[in-house]
């Protein structure tokens, strides 16, 4: 499998980094990474990692302005793309076909080739414009996976919350997520809640 991973300047860089770490552990998955200019700043602020360290998690890293990159052409076969986190600017550009920069261009290619496109939009609150853009993209077949925390699995740390969101992203591509703590029914949930309460 060959996946394109885009990261933009919206807050939520830990989700993108954790996704890359997971994908790197999966045999047969080739990753192509594009970091927007502001993603580079956000990564350093939110993760403490350098751009070089994050880039090293991918098989191939493309410059954000390289419109001649392989992933800017539909003839370069991929299985899809995920943008995590996805800024509202990038989301709006994808919705309107305004492919400024390689992140948006690669997404435009995935759309026109009818491949799987997953966006992880990071903004709150959402305006009517944001919601309209997301609705139109959903109608085009784009998967929108907002990084919303789940509490039925009793997360103990921020890492637990990040892992859950990343597992849901991996699910969109039918890829395994070993760290996922999945819903196992009400009985298991109640037992976990009691255990959590006892520990507290």
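Just so it is clear, glycine is given a Cβ too, placed from its N, Cα and C backbone atoms.
Taken from Swiss-Prot as is:
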BINDING   9, 10, 11, 36, 87, 88, 89, 90, 122  FMN binding site
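Positions of the features from Swiss-Prot, shown on the structure.
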{"residue": "9", "record": "FMN binding site", "contacts (Cβ under 8 Å, 6+ apart)": "36, 37, 38, 39, 41, 42, 87"}
{"residue": "11", "record": "FMN binding site", "contacts (Cβ under 8 Å, 6+ apart)": "42, 46, 85, 122"}
{"residue": "89", "record": "FMN binding site", "contacts (Cβ under 8 Å, 6+ apart)": "8"}
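Cβ neighbour count for residue 87 (FMN binding site): 23 (other Cβ atoms within 10 Å of its Cβ, all protein chains included). Same-chain neighbours of the FMN site beyond 9, 10, 11, 36, 87, 88, 89, 90, 122, judged by a C-beta within 8 angstroms of the site's C-beta center, are, in sequence order, 8, 38, 85, 86, 91, 123.
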